[in-house]
């Protein structure tokens, strides 16, 4: 492969990741730390583990290391989608897909690379097959089914045979891949007949694996042969047969196995089944007892049960038609080979050997093979040599004998192998002409071991041929692509291995020299090696000689150099087997053995080693060469190499004539570890299988290809607005010229742009840089906006916090102030209280002290006052005397002084007065003032007088008070004196009291001591009591706590139990609902299967009819897929194209009368009733037998004394009981008939006669029950009495009576007996006379009754005569009214008459009841007569009308004018219709034809009322029920059901037709329920509708038939809408970009996917919504029930969700974040549609839940454990397998997205390991929910329905 530096300029090596070689990991990833510049000799790299490395460039080539692809391209489905195409990129991509994503399939251009996971994966189920069926190869993830589908599609599209070439190493999974490809064809195509050819094709695998596969060191089930299976198809591309060709069976494994290897599986299967009875004759043992099966030392494969595998092999043989005898013959031959391997030889001498006599292994071999022991023993130790003249028999050495024995065993096994292949081909052969085939080639891959021999040489030679064919095909495809796109074609240099092929197969090539050496008499491996050296050494560059060996050679194959050892080449090429041994086997008595050794021209394959198979069915066989004498001998001597070369040439011719498809299987490791990737081994196989060569060829040209639209969509970001033109092609050209300057790096095709390797990566880099810059700008703006928003939010938050903090602080301060104030107030009051209390205490103490002190002071003061009083008295008297003395002395002195002074003053005054008197003016002034003063003085005098008087009054009162106080003191004094005397008396008494007080004090002290001791005891008791009480209280509290805890626990337990019970109830309810749905689904599936089988039956009958009769030209058979069911209970079917069927078939079909459905139902019901009766009678018989046995046992204990009378009575009683039962049943039936019949007014439920009659019937039945109970009691008493009577008391036994008479010897006893008998006779005579009298009374009563009846008869005749004169209606009413009146009066009369005699009253009531019944019968007869007369009248009126019309037609217009007009009787129009339609029996087919078969749903749905055909049919059924015509009802219903099925069979693909008849079938079913007369269905009816109920027939069984028919129509409707929606879903829901520009288009490889850009004809989401609207509008127009519409919508949404999710799980490119957004948007549009249609409660949204969760899973974070927990809780509707699959498939579309790590996926798996859900990966898109038809009564009145003339139903009339 050229260096990437040739294709990519150095400017790409800018901080890039590169790949460098590594001896351990093959390639290692590193990052450039320094940009590369031209001329640099070293690169500075940093490895992934962080280590820096200086990488030296090759100085000669100066090749730069391979560039690594962008991470976005890693894990692509197609390796050719990688921008850098080279070995490390391929290896890394495969490793990432295999290890990280668990994906084993990858495309590499046209090659599918399959890596063996060594683990069972759930990706091969039938659901996966259905998902890949019909899909384009590029639209789905890589899979073997995709390759198979592509081959199948190309075969059908191109009319060209196909081949699938599967190759790879042993253990790489070739056989499994081929097996799955064949399974796909068998499942998708089906078989053209009922012979199950596809099962036979698959059954060939177990047989071929058992005889051709073995365990090797590399593989437990390695195919040791190559095979090419051609699967044949007919013109409709259904499997009709197959043919198998085999190549190069490894015969040497039969006789030798290496260590840890096994022989072919069949031998170990035989040994494991040796103990089976049919295998005893083979005399087998364990595998360790045979030489041919124990050499490898590993007889058992882990996990494989050889006995079970043997059973599978035998089952497959049986399926392929290999009989038991042939199977036992095969096993005999195989057992014989095992025994032959145990044959031993003994030395006789160096040149001869012998077999021991009667050697057991040889004798067993001869017995099994049917040959002579001596003859076989002889030729095993000898050989025949023929010369020109003589023949010699020569002994052989032990080594030669052993080799000859092994050669014989190999030869027998090879012949048996070919014989089995031949019979398998015979079983798979088809007599039908093959139109095309698909071949599956399962062939060995390139092999190289330490020792390579002839087998490896042939294998590698075959791989060289296949590689050449592969290279040419790839080159051809590339050339066709370039020519198609009109790109200049340049020759691509690719490896051509033709020189290597020439070296092997050309003249004087290796095979030619080998054949020549084999013909030499003394040719050896050494001489052959020398010839090789002489011929090719130094002449052919591909041939080399090892340095240290002269017995080996080296060939340079396309994959690698291989050294072959020459030893054994000649022997294996000759494949020598002694002719004498073959002749012995041919003479075997065992018939099957000679068949194996027939001549080659009769054999299946030309040689014993190579099976060429038969000529393919669709391929022109090569012209056979004309046989010449002696040619057979030469043919027989062809070598193995020559035969292999011929078969290989034939294979290559076949492959070249087909379109090949390649599957390359890779073995990831040699230890069979699951999902373990060994890079070295993988690279070896990739080089060997041609994958890298494909990459190299692609990389040499233009590997990356884009359509113009995809390129524009992907790289629109790199364009400016001015660069965008209207033409996408010109836009792309203009942009590319600016982006990529080197024009050689790309080419413009017609529809695509072609890029050389690396250019897409360069464009991706530019795109990523542009997006990164845009992202940085967006991030800058967004981050600024976010930070500013965050700042503003923080600011607002800070202000808010401050506000709240300040408010909080203010509130705290206010609270503090309030608390402070409150504390102050509290303190104030507390201090006041304390001070006040202290003050009060002090005051109280002070008051006490004051009281004592004041008392003391008062006493002291008293004594002092007393003394002072006495002293004062003394002083008073003394001082009074002294004062009086001094007063008198002072008074005399004062008076004397006054007199002296006054005398002096008077003298002075006298002088003044004298002077003033002498002055007049002065006198006047004085006089003026004196008047005033005199007046004042006078006033003062008066006031003083008043005061004086007051004072005198007070003084008087005080004197009185004083006197009274004085008297009181005197009295007190006297009393005190008396008390003093008494105190003196009491003093003596006090002394005596003190003595007593002393005594009392002593007693008190004793009492106090006793009280103290009592108090101590009381305190102690009190303490003990308190302690006890406290303990009891503690215990009580503990008990209360325990009680509360127990109560709480009980409440919790009760709550838990209630919750658990509720949960269990809910779960059980859910489970019951699930069971009900499952049962309903199972029933509906059975209906579906029944309809399919019935369909198949009808088709087969049609085919048989067509085979029997020759069809007319132009006849075309209806496809079986369009067939529909006939009635479930009829076995007739009609052929659609009746015109093409000959008259004989028509006669047969006319003779074939369809079975009446109702008759069939009645018979079926009768059969079930008879079976039940049979079971009841069987149980009764068993019970009777047990009773008989018990009675026999009892009778053995006691003697048999029952007489003939008891038997007669029991028989009579049984007869009476049976008669009683019959009468009671008749009564019940008559009562039911009276209550149910729509009789006239007499028998109406409210009529008086009806009530009287029902009361009488009730009383009669009650009395009957009472009498029955009395009879039972009497009967039991009678039986007990008779059992108690001894035999001697029996009157019938004459002998015993004679003995009794003889015993009566006493005459007195005889007399007494005679008297007793006489009295008995008298009693009997009196009873007889009373009975006679009663009989006469009854006779008289009967005579009176007869007389009254005669009178009544006469009266009735008169009434009848009167009634005959009335109109008919009035006549009937009058007679009924009269009869009712008469019966009522008679009833009242007889009730009064027989009030005392209940028996007569009872007999009267019975007679009345009988007459009432007779009356009812007469009424019914009259009604029938009236109806018949009405019908006849209508018929006659119709005939008269027709005759009149005919006469009018025959009369000319002139006659009409001249004829006088006659008066015409105009009939009165009926106003009250009964909601019934009448038609003739012969018009039934016309009715069905016009109303069902030829009715167009579109016209009916648009113009008429919904469900009109159903209403019309029901009204016809009503009329047939009204006429009580069961035959008509049965015929109409049967014809209706069959006709609906015919319509659906003919137009079953039309949604409108199916919807129309589903709606009408449901409406018909609802009408049958609504008017059935059952109370449950009559709740919503009007009274008028209740009158229209059916009266004569119960159509419940027909309702079930119609319900089943509706289920079948519903299932057909679902299939129709599924077929319509299926092509739209994936394109509209997944591929189309509803939101443009969200999901970018990633680079794709050779296999282009469906474009997501909406082109013309591409389905979008709008297409789906339009289709849903169409479905909904059609169903609404047809009047389908709303609940049924909801179920249909739910089913449609389930199909949409399931198909979308399944495709999502199978498409890696769809699992991205942007696609998740698209899906969620699409789902929201669907939900919006549901809301618009008011269907949100239909359950449709819930069906989309898995898809919604999958879309959410694509969008959520997938990094941390919290994310894992969120995913686990979110994805409840997805299974674990689906969640893990989505995570594995998650692929970033842009490099900004991150991949899901493996550790995260493992975390999810660990968290979900306990979840119990289905292991199935895909949803069942074919699942149909069970449908129900809830009862939906119609409010439409039947009598208002009008029949439009457009229906052509003029022959029916309304009633």
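Note: Cβ is positioned from N, Cα and C throughout, glycine not excepted.
Bear in mind that TrEMBL entries carry predicted annotations, made automatically and left uncurated.
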Of 579-601, 648-670, 671-693, the range TrEMBL labels region 'Actin-binding': 648-670
Segment assigned the feature region 'Disordered' in TrEMBL (from 1039-1075, 1076-1112, 1113-1149, 1150-1186): 1113-1149
Cβ atoms near residue 172 (ATP binding site) (within 10 Å, other residues, all chains): 25
Lowest local Cβ density (other Cβ within 10 Å) among binding-site residues: 168, 171, 173: 171
Long-range neighbours of the region 'Actin-binding' (648-670), counting only residues six or more past its ends (CB under 8 A): 94, 98, 108, 110-118, 144, 147, 150-151, 154, 158, 160-174, 177, 181, 218, 228, 245, 247, 439, 441, 445, 461-462, 465-466, 469-470, 473, 612, 616, 619, 622, 676-678, 681-682, 685-686, 689-691
Near-site residues: ATP, ref 168, 169, 170, 171, 172, 173, 174, 175, CB cutoff 8 A to centroid: 116, 219, 222, 223, 445, 665, 667
Neighbour tally for residue 174 (ATP binding site), based on other Cβ positions within 10 Å of its Cβ: 27
Per-state residue totals over the domain 'Myosin N-terminal SH3-like' (13-65) - DSSP helix, strand, coil: 0 helix, 24 strand, 29 coil
Segment-level pLDDT (mean, integer) for the domain 'Dilute' (1534-1810): 86
Helix, strand and coil counts within the region 'Actin-binding' (648-670) (DSSP): 9 helix, 8 strand, 6 coil
Cβ neighbours within the same chain of residue 169 (ATP binding site) - under 8 Å, at least six residues apart: 218, 445, 446, 447, 665, 667, 685, 688
